[in-house]
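Database features, via TrEMBL:
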REGION    16-35  region 'Disordered'
COMPBIAS  20-29  compositional bias 'Polar residues'
BINDING   51-57, 79-81, ARG335, 361-363, 443-445  GTP binding site
ACT_SITE  ASP52  active site, proton acceptor
BINDING   ASP52, GLU53, GLY54, LYS55, ASN77, ALA78, GLY79, HIS80, THR161, ARG175, ASN254, THR269, ARG333  IMP binding site
BINDING   ASP52, GLY79  Mg(2+) binding site
ACT_SITE  HIS80  active site, proton donor
ACT_SITE  LYS172  active site
BINDING   VAL329, THR330, THR331, GLY332, ARG333, LYS334, ARG335  substrate binding site
Amino acid sequence: GNSLRQICCKTWSAKDHKSYTNPPSNPTQGLKRPRNETGNKVIVVLGAQWGDEGKGKVVDLLATESDLVCRCQGGNNAGHTVVVEGKEYDFHLLPSGIINPKSICVIGNGVVIHLPGLFEEAENNEKKGKLNIFRIIVNAVVDGIQETQRQATEGKIIGTTKKGIGPTYASKASRTGLRVCDLLGDFKEFSTKFKNLVEQYQSMYSSLTVDTESQLKKLKEYGERLRPMVRDGVYYMYEALHGPPKKILVEGANAALLDIDFGTYPFVTSSNCTVGGACTGLGIPPLNIGEVYGVSKAYTTRVGIGAFPTEQLNVTGELLQTRGHEVGVTTGRKRRCGWLDLVILRYAHMINGFTAIALTKLDILDVLDEIKVGVAYKINGKRIPHFPADMELLHKVEVEYETFPGWKSDTSAARKWNNLPQKAQNYIRFVENHIGVPIKWVGVGKSRECMIQMF
């Protein structure tokens, strides 16, 4: 104890406290304050289910008034479809707000980037007009092999997109990952790191073959194309937050139930797609998070395997899949479909603190005679008070439903709340009251004009 105190206090004396005996009348005198003391607030848009909820539509709608639109996590495993002026745009890495010519789009440090995919996506969408890749600021083979090995050893797979997202995040966690700053720095150093990473993976997966020199040549070319778009993300976002007033929008990829920590593990993605991912994936302080909008379909879908309590393996599920055109933008796989599950929406709200909800694809329910909503889970006939962390338990739950009469009329032309049938309004109000979050938008079609704004 004494020896430690002597070490700690060795260079410290009473003289060091002198400045505190006569403090200045203004304690903050001399401190340099940010130009904007409180900072601009950030709007975050997040998926509230298992993804594919229509986040791109909500982001596109908000991006028309945003100065900055940012991606904070995930990679090209995301798939967001936006329809503007009759043209359909598919985004995987690019923020959906890129369609707005006035917005600067940021791909943050939390995103894993497949460089060939980034440029290919930009070029494909540029052909449709309204997109300029130079407004972007940028701060998959192993995946497939891992899935094959899981099938062989365990008889099951996770159902990844095979885009290399998991292995890339794994290399980040093991401190062997390659960053954009590495690519744009000393290329000799980068080449050594790249070769070491290849050797590491080949030692684990003997069937993996890589033409190292060819890949390095391509990466050098991509690096030079990327160079004009790269900024230091921390300083760039700080300037955006504390400079002149700006509207900043963050577009989450995937969704709460796919979050690496809070989702239906292990059938999840490899990043934090809840609200904390906006902070760590862009360098945004929590203080600057403003509105947090959750996006949910009026029913539930899921791609790949994993527990899905309200899934309908019957004619209802097939109808939802067909009417909703439920096919994955990234994978082309059919989505599994079921009734709206308010247990998972409440759970997503607990984690994210949604300030409002966007309820999309209400029109898909137009033809149904009756509509069910999952309101609770039961085990052995007794309600359980929380969403299970144990996936084996989640597979066993019995869903308690509330049943509503269908409205049996076309809502796709509705543009105001009063245009919706009374039974549709009752359905929406029940959802809103049950999860305790106001519904700000109701979607009745593909385009931004089909989003009814409630307040």
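Cβ atoms here come from the backbone N, Cα and C positions, even for glycine.
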Taking Cα atoms as reference points, rank the binding-site residues LYS57, THR81, LEU362 by distance from GLY332 (substrate binding site) and give the first. THR81
From binding-site residues GLY54, THR81, ARG335, the one whose Cα lies nearest ASN254 (IMP binding site): GLY54
Number of other Cβ atoms within 10 Å of the Cβ of GLY54 (GTP binding site) across all protein chains: 23
Around the Cβ of THR81 (GTP binding site), other Cβ atoms within 10 Å, all chains included, total 17
In sequence order, the recorded positions (ASN77, LYS172, ARG333, LYS334, ARG335) whose C-alpha falls within 10 A of GLY54 (GTP binding site): none
Enumerate same-chain residues with a sequence separation of six or more from LYS334 (substrate binding site) and a Cβ-Cβ distance below 8 A; give 'none' if the list is empty. GLN321, GLU326, VAL327, GLY328
Which of LYS57, LYS172, ARG333, ARG335, the listed recorded positions, has fewest other Cβ atoms within 10 Å: ARG333
Quick one: Cα separation, LYS57 (GTP binding site) versus ASN77 (IMP binding site), in Å? 18
Candidates ASP52, ASN77, LYS172, ARG335, namely the recorded positions, that fall within 10 Å of VAL444 (GTP binding site) by Cα distance: none
Taking the Cβ of LEU362 (GTP binding site) as the centre, how many other Cβ atoms fall within a 10 Å radius? 24
Measure from the CA atom of GLY51 (GTP binding site) to the CA atom of ARG335 (substrate binding site) and give the result in Å, rounded to a whole number. 10
